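One structure coming up, written as C-alpha cells, with questions to follow.
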Amino acid sequence: MALNVVILAAGKGTRMRSDLPKVLHPIAHKSMVQHVIDTAHQVGSDAIQLVYGYGADKLQAKLGEQQLNWVLQAEQLGTGHAVAQANDNISDDDTVLILYGDVPLIQASTLEALLAAREDNGLAILTVNLPNPTGYGRIVREDGNVVGIVEQKDANAEQLAISEINTGIMATPGKQLKAWLGQLSSDNAQGEYYLTDIVAMAHKDGVAITTAQPESAVEVEGANNRVQLAQLERAYQARAAEKLMLEGANLRDPARIDIRGDVTVGMDVMIDINVVIEGKVTIGNNVTIGAGAILIDCEISDNAVIKPYSIIESAKVGVDASAGPFARLRPGAELKQDAHIGNFVEMKKAVLGKGSKAGHLAYIGDATIGAGVNIGAGTITCNYDGANKFQTIIEDNVFVGSDTQLVAPVTIGEGATLGAGSTITKDVAAGELVITRVKQRHLTGWARPVKQKK
C-alpha cells in the first residue's frame with residue numbers, strides 16, 4: 001500500500017490578523033506547513049496532497065518548487081469537505097494519512113506509532129487526554145471501543161465530561177475513506193462537513209478502529225493566533241535545546257537559545273545565552289560559543305572558540321581557531337587551524353592560514369592568506385573596482401603593518417614585511433620590506449586656525 005498524505009492548509013487564520021495565510025507563519029524560521037511536509041517525508045510518504053484555499057499565490061510562491069499535489073478548496077466548508085477535494089488523487093489501496101498545516105510539532109515517531117496501530121483496512125486515530133478538553137471533539141467509547149467523535153458544540157453534558165479528545169490526525173484506507181466522505185452531511189451546529197463523522201461510519205461498517213497517543217500533547221496543538229504561535233515556538237525551542245543537551249552540549253540557559261535549523265554537536269560543547277543557530281550547522285568537540293553569537297550554515301571544528309556577538313555564516317572555523325568578539329565570517333570564509341580573528345574583523349570568500357591572526361578592525365575579502373601571517377589593525381584588501389572583484393594572495397609568514405591597503409590583484413611573497421600605513425598596488429617579493437608612506441614633515445612656527453567670534 002502506498003502512503004498518501006493529505007495536509008489541510010486552506011484556512012485564512014483570521015485571528016492571526018495578517019495577510020499571510022495561517023500555515024505560512026513560522027516556527028523556528030520555517031513555515032508551520034513546511035514542518036508538516038518535512039515530517040510527512042520522514043514517515044515515507046509516497047505522495048502529498050496539499051489542500052489549499054486562501055492565499056494560494058503566497059503558498060505556491062513559498063512551497064511551489066516541492067513535489068506536492070495542489071488541491072484547491074474553493075469554499076471552506078469543513079474538514080470533511082477539505083479532504084474530499086483530494087479524492088481524485090487517492091487510490092483505493094492507498095493508506096491515507098491526514099495531517100494539518102497548522103499543527104507543526106507532530107513528530108515522525110508519533111505518526112509511525114499511529115500507522116503501526118492501524119489494523120489491516122482499519123481506521124487509526126490519534127487521540128490525547130487533556131485536563132481541560134474544552135473546544136475539542138470528544139472520543140466516544142463503548143466497552144473501551146471507539147464508536148464515534150462528537151464535536152464540542154454538538155456534545156451533551158455526559159460527553160462534555162470526556163477528557164480524551166480527537167486531534168484530527170488519522171490513518172485510513174483509501175477506498176473506505178472516499179465512500180465515507182460521500183456520506184457526510186452538514187446537518188450540525190456548525191453547518192459543516194465534519195471529517196470526524198467518518199469514525200461513526202467506520203464503526204457502523206464494522207471497520208476496526210484503533211487509537212494511538214503522542215508522547216506530548218504539545219505535538220498536536222495548533223496555532224490560531226500569535227499568542228499560540230509564540231507558545232509553539234517556545235515548545236519547539238525547548239525540545240530542540242533538550243536534544244542538544246542529550247547529545248553533549250552544555251547550555252548556559254536552555255530557555256535562551258534559538259535553534260532554527262539542523263544542528264549537530266560533539267561532546268563538551270559550551271553554548272552561552274542568546275545564541276542563534278540557523279540552517280545546517282555542525283559543531284565539533286570542546287567548542288565554546290559565546291553569548292549572542294549567530295551561527296548560520298557553518299562548520300565549527302574541535303576546540304574552536306566563537307567569542308560573544310560574532311556572526312559565522314556559510315563559513316568554516318578550523319581546529320583550535322577562534323573568532324571574535326564582534327567578528328564576522330561571511331560566506332566562503334575559512335579560518336584554518338589555530339587561526340584567529342578579533343573584534344570588528346570581517347572576512348568574505350577568504351582563507352586565513354594556520355596560526356595566522358587578524359586581531360582587530362580589518363576587512364579581508366577575496367583573499368588567500370598563508371600560515372603564520374600577522375594582519376595589523378585597519379588592514380583592508382581593496383578587492384573591488386566598482387565592476388569586478390580581484391584576488392589578494394599573502395604567502396606564509398608575512399607581517400602586514402597597521403592601516404595597510406592591499407589593492408588587488410596583488411601578491412605578497414613569503415616572509416615580506418609591509419610597513420604601517422602603506423598602500424600596496426604592486427606585487428611584493430619574498431622577504432622584502434615595503435613602505436609607501438609619504439615622508440613625515442615637521443613645520444615649526446605653525447599656528448592652528450582660531451574660530452572667529454560672531
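Just so it is clear, glycine is given a Cβ too, placed from its N, Cα and C backbone atoms.
Take a look at what Swiss-Prot says about it:
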REGION    1-226  region 'Pyrophosphorylase'
BINDING   Asp102, Asn224  Mg(2+) binding site
REGION    227-247  region 'Linker'
REGION    248-454  region 'N-acetyltransferase'
ACT_SITE  His360  active site, proton acceptor
BINDING   Ala377, Asn383, Tyr384, Ser402, Ala420, Arg437  acetyl-CoA binding site
Could you put numbers on the helix, strand and coil content of the region 'Linker' (227-247), residue by residue per DSSP?
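Breakdown, helix to coil: 21 helix, 0 strand, 0 coil.
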Would you count the other C-beta atoms found within 10 angstroms of the C-beta of Ala377 (acetyl-CoA binding site) for me?
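There are 19 of them.
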Between Asn224 (Mg(2+) binding site) and Tyr384 (acetyl-CoA binding site), how far is it from one CA atom to the other, in Å?
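Taking the Cα atoms only, Asn224 (Mg(2+) binding site) lies 49 Å from Tyr384 (acetyl-CoA binding site).
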Using Cα coordinates, what distance in whole Å links Ala420 (acetyl-CoA binding site) and Asp102 (Mg(2+) binding site)?
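Rounded to the nearest whole number, the Cα-Cα distance is 59 Å.
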Within a 10 Å radius of its Cβ, which of these recorded positions (His360, Arg437) has the fewest neighbouring Cβ atoms?
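So among His360, Arg437, the recorded positions given, the one with the fewest Cβ atoms within 10 Å is Arg437.
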Any idea of the Cα spread of the acetyl-CoA site, Ala377, Asn383, Tyr384, Ser402, Ala420, Arg437, as a max distance in Å?
23
Can you tell which of the binding-site residues (Asn383, Ser402) has the fewest other C-beta atoms within 10 angstroms of its C-beta?
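Taking Asn383, Ser402 as the binding-site residues, the minimal 10 Å Cβ count falls on Ser402.
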Would you mind pulling the DSSP three-state label for Asn224 (Mg(2+) binding site)?
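For Asn224 (Mg(2+) binding site) - judged by DSSP and reduced to three states - the answer is coil.
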Between Ser402 (acetyl-CoA binding site) and Asp102 (Mg(2+) binding site), how many Å separate their Cα atoms?
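With distance taken Cα to Cα, Asp102 (Mg(2+) binding site) is 55 Å from Ser402 (acetyl-CoA binding site).
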Specify the nearest of the binding-site residues Asp102, Ala377, Asn383, Tyr384, Arg437 to the residue listed as 'active site, proton acceptor', where nearness means the distance between Cα atoms.
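Answer for the nearest of the binding-site residues: Ala377.
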Could you state the whole-number distance in Å separating the C-alpha atoms of Tyr384 (acetyl-CoA binding site) and Asp102 (Mg(2+) binding site)?
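About 47 Å separate the Cα atoms of these two residues.
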Can you give me the average pLDDT across the region 'Linker' (227-247), rounded to a whole number?
97
